[in-house]
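Participant: Quick one: structure below, then a few questions.
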Amino acid sequence: MRPALVAALSLALMLPACGKAPETAKPEEAAPARQISWRMSSTYPSTLLILGSMGKRITSEVAAVSGGAINIRFFEPGVLAPPFETFDAVSYGAIEAGWSTSGYWAGKVPALQLFSSVPFGPSAPEYLAWYDYGGGRPLFEKIYHQHNIHGLICGMSPPEASGWFKDEIRTLDDFKGKKIRFFGLGGKVLEEVGASPQLLAGGEIYQALELGTIDGTEYSVPAVDEKMGLQEIAKHYYFPGWHQQSTFFELIINLDAWNGLTTTEQTQIEAACSTNIRYGLSEGEALQAAALKRIADAGVTLHTWPPEVLAGLKTAWEKVAADMAANDPEFAEVWASMTSFRAAYKEWADRGYLKD
């Protein structure tokens, strides 16, 4: 027998004993991500432009960035908790999260108002710069952690209007005796100049102004104010919004719920908030010019505050801030951090930006 044939027959006889060739190992499938379901109570209705839509949007953004693993369900104001009780509901763990702005908690933690909006305060870029790189964030988190809450700046809006009035305001004295719905620290400034500030939830403003329960109100940017229908009642609309040159919005989370997340899950929520900040600012800036035109076409007079009125309001704010800092160490700490940053930043702001 020829050697080649012998070799072939030998190989054929050996193959059955060798069994099947080993199969290529399949890659292991990743374990499915765990599902997290949270309830989020909002202080703004989902239908409210920017203020509410940012809250609604953060739920879809978190779901998208987490691949559907983190589900935050949006609840309208009052369904899970009244707007002004959202802080306590999150703190006690009755719900996992809330959507708001920290100025609503003025009666509980005055210092948190500085993380909402500040009279004669920073523009959006400066506000973010202080928060992210000037010491704001550690203070924000420290304050909230004392109340079993983790806070995240999760949205932003551009400068607000200064207010709607049935009667024209010409001088600082014209504020005296007027009942004005006003938000946050700006309300304390108006109180200093003789007005009677009222803090009403958004859904209460129209009726209060219509019935004469209040003489004037501020609420938000023109596009939002227009949706509220305020142009139907008051015909004098004032600018600039000295009390809110920019506004932070927040996602507040029960601290135990936050600590129960993995680092990846926390990072996903933070990333969604960063995207939401950009959305709030870009949409907010884009919508105002057209809204102003429609408001003016509805017969509203657009006013710019006289310099002497703004100067008087600024003097009143400086007194309010000094008094609050003297009586509240927590407020003093945040205020000192912000003012120190702004003093240093001013050199850049004055030199780096064109003046109209």
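Cβ from N, Cα, C; glycine included.
Predicted, not measured: the structure shown is a model, and the values here were computed from it.
Sequence annotations record features per position, and here TrEMBL assigns signal peptide to 1-19. Annotated substrate binding site per TrEMBL: GLU160, ARG181, GLU218, GLN244, in sequence order. Look at TrEMBL and you will find TYR219 tagged as Na(+) binding site.
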Participant: For the recorded substrate site, whose residues are GLU160, ARG181, GLU218, GLN244, find every other residue on that chain with a C-beta no more than 8 angstroms from the centre of their C-beta atoms, and list them by sequence position.
Facilitator: ALA161, SER162, GLY163, PHE182, PHE183, GLY186, THR217, TYR219, SER220, GLY241, HIS243
Participant: Write down the Cα-Cα distance for TYR219 (Na(+) binding site) and GLN244 (substrate binding site), rounded and given in Å.
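Facilitator: Computed Cα spacing between GLN244 (substrate binding site) and TYR219 (Na(+) binding site) is 10 Å.
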Participant: Grab the substrate binding residues from the record (GLU160, ARG181, GLU218, GLN244) and give me their largest CA-CA distance in Å.
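Facilitator: The two farthest binding residues have Cα atoms 14 Å apart.
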Participant: Going by DSSP, is ARG181 (substrate binding site) sitting in a helix, a strand, or coil?
Facilitator: strand
Participant: With every protein chain in view, how many other Cβ atoms are within 10 Å of the Cβ of GLN244 (substrate binding site)?
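Facilitator: There are 27 such Cβ atoms around GLN244 (substrate binding site).
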Participant: Write down the Cα-Cα distance for TYR219 (Na(+) binding site) and GLU160 (substrate binding site), rounded and given in Å.
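Facilitator: A Cα-Cα distance of 8 Å.
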Participant: For a quick check of packing: other C-beta atoms within 10 Å of the C-beta of GLU160 (substrate binding site), how many?
Facilitator: 26
Participant: For ARG181 (substrate binding site) and the residue listed as 'Na(+) binding site', determine the Cα separation and express it in whole Å.
Facilitator: 8
Participant: Based on Cβ atoms within 10 Å, give me the single least packed residue among the binding-site residues GLU218, TYR219.
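Facilitator: Fewest other Cβ atoms within 10 Å, among the binding-site residues GLU218, TYR219, is found for TYR219.
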